[in-house]
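As given in Swiss-Prot:
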| type | residues | note |
| --- | --- | --- |
| DOMAIN | 2-235 | domain 'PABS' |
| BINDING | Gln31, Glu106, Asp137, Gly138 | S-methyl-5'-thioadenosine binding site |
| BINDING | His62, Asp86, Asp155, Ser156, Thr157, Asp158 | spermidine binding site |
| ACT_SITE | Asp155 | active site, proton acceptor |
Amino acid sequence: MDLWLREGQIEDAAMTYKIKETLVTKKTKYQELAIVDTYALGRMLVLDGIVQTTVKDEYVYHEMITHIPLFTHPNPQKVLIVGGGDGGTVREVLKHETVEKVVLCEIDEQVVYECKKYLPEISCELDNPKCEVFIGDGIKYVHQHRNEFDVIIVDSTDPFGAAEGLFGGSFYKEIYNCLTEDGIFIAQTETPFYLPEVVKQVYKDAKEIFPITRLFMAGIPTYPSGFWSFTIGSKKYDPKEVDLSSTLNINTKYYTKELHKACFVLPKFVEDLTR
């Protein structure tokens, strides 16, 4: 008998994945957690029934949410990641030699624990001496730190439940204060196909706070519609105008210097959401 995972992506649409093996399922303090091995996409982290990352395509998301801001900032030394307990963003951040410290603030310690156990390709840098794993509320952490981080990456789940407070103007104001005087913030901001109102509102909220606000897209097969948005807010540096003439000094599978520029070219219906 075949076993399938059905992910309800929106009210009227779903994706299904054929499961080879269920590695772990548990109810944590905050959510239902599962890691399964699938035939099509390899091992997969699922939270509250929603696919968060897979071994097959995780590099797209983690490279784009990391390298766009870190190559935009001329000297990123201290980085904060809110969420991202799987460790993929930490892995990509630590490819940058300028980074002296990265703080991962994850509310659910079980995500970190199980990903270290079952997703070593993604979580491989969580024990790096440059990485501090802080288990706690990202909103409170940001509020308690001022003028400290060069880059803040909000690597959150969808804007529901525990992650709902990570979307919106009040949190972005706290992020602004947590950043250094030339700091950069980035967040994953859902799909413009299914959730255009979320994309539009997040961009509007960020633009009211940051002098430079940009939206860019990436193709991520696992995520609803496969067409995903990221919003970046910067105090000083424009990611569209950054000088990338020097040789790329890190190994990537998706991000390139050319793509850094190209990803900001938006389809008209997405561009309209930024107006």
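Yeah, the Cβs are placed from backbone N, Cα and C, and that goes for glycine too.
It is 19 Å from the Cα atom of Gly138 (S-methyl-5'-thioadenosine binding site) to that of His62 (spermidine binding site). For the binding-site residues Glu106, Asp155, Ser156, counting C-beta atoms within 10 A of each C-beta gives the highest total at Asp155. Over the domain 'PABS' (2-235) the predicted model carries a mean pLDDT of 94. Separation of the C-alpha atoms of His62 (spermidine binding site) and Gln31 (S-methyl-5'-thioadenosine binding site): 22 Å, rounded to the nearest whole number. For Asp155 (spermidine binding site) paired with Glu106 (S-methyl-5'-thioadenosine binding site), the C-alpha to C-alpha distance reads 10 Å.
The CA atom of Asp137 (S-methyl-5'-thioadenosine binding site) is located 12 Å away from the CA atom of Ser156 (spermidine binding site). Across the structure, Glu106 (S-methyl-5'-thioadenosine binding site) and Ser156 (spermidine binding site) place their CA atoms 9 angstrom apart.
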